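Below is one structure, written out as structure tokens; comments come after it.
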Ligand code: IPE
Ligand code: IPE
Ligand code: MG
């Protein structure tokens, strides 16, 4: 497979992996089979991102709203996450990949929390791709927990309310060590953000595809990157300014 020039590769890709349930339903299978097939897609997309030299891949695995699903589906998703950690972490580590988990993991069982801690510990010094899994994650939760820490600093007199700036809030988000996403991909046809990285995606390029997550593959990832590479990211400026045609 061709590798596009480095400057066309987003540093950080964030994905909402959606459509597992519908994929299974189309095949007259229980929803869970879709989630299982989705884990295989994760492995393929991680591999392709590592090949392309992407720095960070953020994957939305379980949202803070997904607890509203039937209890059986939630517990099967937890089991799947736990098995994926058992089976995939060594391979990630062998490939110099660093695994990070963001989200309110206090709500998970102690065993799952322990596996998450071990996986992060094992891979923490790896220097290749960072795979950032959002589990029991919500963008509003992330902003809230940042603001809560800021309020504590104000309460202790460490910070004055009038000195609070955007950097202070960013620095206490769960993604503070990572660049902001350049490209956001959502599979499964829905065109919404579903409480993913709300603050962090202020200037992210969006790419939506009808392809269901179990059928998303490296070719489609390449197509999303190709679309991204053709866009002009103006960050509020004019096109002329970016092309150096303006003296302003
Ligand atoms: C995404 O697939 C996976 C999770 C939310 C865990 P869905 O389960 O939302 O699949 P659809 O949207 O019902 O097809
Ligand atoms: C978003 O997918 C969360 C994950 C992919 C983990 P959902 O399928 O839960 O999103 P909504 O609720 O349809 O927006
Ligand atoms: Mg869905």
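Keep in mind that glycine also has a Cβ here, set from the backbone N, Cα and C atoms.
Of all Cβ atoms in the protein chains displayed, 23 besides its own lie within 10 Å of the Cβ of residue 18 (active site). Look at residue 18 (active site): DSSP puts it in coil. According to TrEMBL, the active site annotation covers 18.
If you draw a 10 Å sphere around the CB of residue 66 (active site, proton acceptor), it holds 17 other CB atoms from the protein chains shown. Taken from TrEMBL, the feature active site, proton acceptor covers 66.
Residues or ranges marked as Mg(2+) binding site in TrEMBL: 18, 205.
Secondary structure at residue 64 (substrate binding site), as computed by DSSP, is coil. According to TrEMBL, the feature substrate binding site maps to 19-23, 31, 35, 63-65, 67, 69, 186, 192-194.
Just so you know, the Cβ of residue 35 (substrate binding site) picks up 23 other Cβ atoms within 10 Å once every protein chain is counted. Close to residue 18 (active site), meaning Cα to Cα within 10 A, are none of the recorded positions out of 64, 66, 67, 193, 205. Within the same chain, residues at least six positions away from residue 23 (substrate binding site) with a Cβ under 8 Å of its Cβ are 34, 37, 38, 212, 213, 214, 215. Taking the C-alpha positions, the distance from residue 67 (substrate binding site) to residue 205 (Mg(2+) binding site) comes to 28 Å.
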